[in-house]
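Copied from TrEMBL, the annotated features are:
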ACT_SITE  Cys381  active site, proton donor
COMPBIAS  17-27  compositional bias 'Low complexity'
DOMAIN    67-312  domain 'Orn/DAP/Arg decarboxylase 2 N-terminal'
DOMAIN    314-408  domain 'Orn/DAP/Arg decarboxylase 2 C-terminal'
MOD_RES   Lys87  N6-(pyridoxal phosphate)lysine
REGION    1-27  region 'Disordered'
Amino acid sequence: MGHDEDDDQTTVLRTDAAPGATPGGEAAARRDRAVRAAVEQGVVGPAAPVAGLLDVTGIRASAAALHAAFEAVVPPGTPVLHAFAVKATPLVPVLRLLRAAGIGAEVASPGELALARAAGMPPSATVLDSPAKTPAELREALALGIAVNADNPQELDRIDAMTRSAPTGSPVGIRVNPQIGGGAIGALSTATATSKFGVPLRDEDAREWVVRAFLDRPWLTRLHAHSGSQGMPLEMMVRGVAATYELAEEINERAGRRQVDTVDIGGGLPVNFGSDDETPTHAQYARRLKSRVPGLLDGRYGIVTEFGRSLLAKHGTVLARVEYAKRAGGRPIAVTHAGVQVATRTVYAPASWPLRIAAFDAKGLPKSGPAVGQDIAGPACFAGDLLAENRPMPLLEPGDYVTALDTGAYYFAQHYSYNSLAGPGVYGFSAPTAADGVRFAVVREPQTPDEIVAEAGGGAERDALRNL
Ligand SMILES: *Cc1c(COP(=O)(O)O)cnc(C)c1O
């Protein structure tokens, strides 16, 4: 075992590269080129003061690295589906890019399923996992042949009734909660004793209920656990997978056949928000699984993964213009166009979700100068709308730019319309080498005031209340 195996990850900002990490120097260079090109080409400017940028080269590289990580630990021919958790970056062009790279989709709502279908994700590469599936959702998934993981006994009853009246080609499994405990961020810990997800394996009689559910239903073939997420030490994730594997073995032994043929290990690999290095890597996680849960990866089981943040976070950047630079109580404050609408988690829970912020001048070149503690404020009308507080960096001036790094998952793609702030434009960029010019593609147009009005009942509903 290499000592890369012992690098458990926290969300604290950190700058040291762990052994075995994938160094991020090239990604940082691509990003800097893209920032400069975005300013030069007018992707951002006075009229478009905030945008989300996605590094297409980086996304492709992460998809390839994920495939390689698991190919290295299973025998050739073992079925492995990497289903990207759509909630992390719910953008159709991103899903299509991932599909072209051999990645599927994990969906948890009718909207996410519609996005996956719009992206051309085939049912065989799609997994439905929500904790609150309606009968209509279940019926649709079973009719399409999409893999479904039942969250609880009541849902399994519904699936029973549906499969009796209309046979399905969907692989069906049960989601279990190994109850291995939480990570550093309570709201993102899915495997605590009282988590709302799945069947809690350590509760009285629950394990026996799961085994019986399989023995009574020959068509149940999968187990699913997602013991994440950000803030979860790798070792605990491995324990969750190990517990799920042991349950699969127990079911198969009592069934006297290989009834559970696939284990869905979920996602939840934490991301390093402290530097450009990718750590832990999917390869480190796969190797650790191989050493701790070898039976799972010996070819007897198909594997499904559901990574979200670890595939996309490092490849997204919020780029925002500094509108004003002021001082209050002696503290310099840069008032930018990036705040709660694009970095909701960071603004509401700054201790759990610190982001790196980089400073650029009005031409989009990295800004230099002595580091001065500054607040990086957003445009929303509440005092806490800050991306960073008292952060040392070169003193910002009006017309400069800031970037919020590692925001490719769970940030600008899910903008939050506080103050009716527009959803920012999202642009993919390709700049594989310094010699190539940077090319941008629109992933999502910036939201217009008309669209905001329409979304706010400004169309046919305009007089709805007056006429009541
Ligand atoms: C959110 C979620 C994921 C993805 O989690 P990440 O931390 O983004 O990898 C995977 N599976 C399920 C069931 C989820 O709810």
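Any Cβ shown, glycine's included, is placed from N, Cα and C.
Taking a C-beta cut-off of under 8 Å and a sequence gap of six or more, Lys87 (N6-(pyridoxal phosphate)lysine) has these contacts in its own chain: Ala108, Glu112, Gly308, Tyr410, Gln414. The residues of the domain 'Orn/DAP/Arg decarboxylase 2 C-terminal' (314-408), classed with DSSP into helix (H, G, I), strand (E, B) and coil, number 7 helix, 45 strand, 43 coil. Counting every protein chain shown, 11 other Cβ atoms lie within 10 Å of the Cβ of Cys381 (active site, proton donor).
Note on the domain 'Orn/DAP/Arg decarboxylase 2 C-terminal' (314-408): mean pLDDT across this stretch is 97.
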